[in-house]
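A short worksheet on the structure shown next.
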Amino acid sequence: MDIPKSHPRYESLLKREKIVEALDKGILAKAGLIAHGRGETFDYLIGEKTTDIALESIKAAAALLVLAENPVISVNGNTVALAKEDVVKLAKELNGKIEVNLFYRTREREEKIKKEFEKEIENGEIRLLGVDDANKQIPNLDSLRGKVSEEGIYTADVVLVPLEDGDRTEALIMMGKKVISIDLNPLSRTARKSTITIVDELTRCLPLLIKYVREYKNKSRDELEDIVNNYNNKENLKRMLNYIADRLKSLEID
Ligand code: ATP
């Protein structure tokens with residue numbers, strides 16, 4: 001379908017197209033459609049823009065990623081469908097590690113996702129983990145959902161998990177890892193369990209995250225540690241909820 005650029009919901013419709021395409025290609029599980037819809041709802045409530053509150057978590061996340069010794073970006077079908085290029089850009093600014101980590105894990109879907117990154121793997125731009133080497137197990141998760149790569153999530157100190165589920169976030173935190181999540185729902189278990197939660201839309205916040213990672217590479221460790229230590233995730237989530245509540249109260253229906 002050709003969506004006219006003048007359409008008031010152009011961006012949103014374009015994302016829907018990408019999500020549907022990914023379903024047709026076998027990259028996305030059907031439940032990914034529902035997850036996307038939940039995200040859209042919260043984005044509507046937030047006003048479909050990056051708030052100053054989210055920007056604070058983006059900066060803290062960038063500082064944590066630059067400080068990390070072994071960061072890994074975990075991807076699922078939705079993330080690949082919407083933001084593959086920016087995930088690659090961010091990985092290239094870090095150590096190049098991307099790990100496929102699916103809620104509904106099937107060999108077929110993993111292979112299809114791997115194929116999406118074929119060019120970047122061949123060029124040596126990234127390392128795609130979690131497909132042929134998912135032979136370690138996250139404790140406290142059922143066997144299929146807990147399979148991870150030793151070089152990737154299993155030994156990572158910081159894991160970026162766009163659109164993750166709460167159980168897995170909690171299990172990663174219990175392993176002693178720092179978890180950065182991107183989740184439009186400030187009430188989700190993921191949002192509440194993460195070390196840093198970016199309550200923003202994935203494709204909107206990734207370019208900002210990349211920008212700050214690039215910028216922060218010029219900062220000292222002390223400066224970066226200050227940024228991370230001055231950030232309070234619970235406080236940030238509370239402010240986000242208040243922002244949504246105030247915004248809804250101020251909206252006029254005519
Ligand atoms: P939890 O287990 O953390 O309570 P959940 O059951 O709501 O979460 P899922 O349905 O597995 O989680 O995940 C979808 C989450 O991803 C939702 O919270 C949704 O708001 C969020 N989400 C969906 N699309 C996007 C997007 N494009 N950008 C940011 N967040 C998104």
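Note: Cβ is positioned from N, Cα and C throughout, glycine not excepted.
Of the listed segments 103-140, 217-254, TrEMBL assigns coiled coil to 217-254. Per TrEMBL, the ATP site holds ARG16, ASP183, LEU184, ASN185, ARG189, THR190; the candidate it also names there, chosen from ARG38, ARG214, is ARG38. Taking every protein chain shown into account, ARG16, LEU184, ARG189 are the binding-site residues, and of these the Cβ with the most other Cβ atoms within 10 Å belongs to LEU184. Within its own chain, the coiled coil (217-254) is flanked in space by residues 45-47, 51, 53-54, 56-57, 59-60, 63-64, 66-67, 93, 186-187, 191-192, 194-197, 199, which lie at least six positions past its ends and keep a Cβ under 8 Å from the stretch. Largest Cα to Cα distance within the recorded ATP binders ARG16, ARG38, ASP183, LEU184, ASN185, ARG189, THR190: about 25 Å as a whole number.
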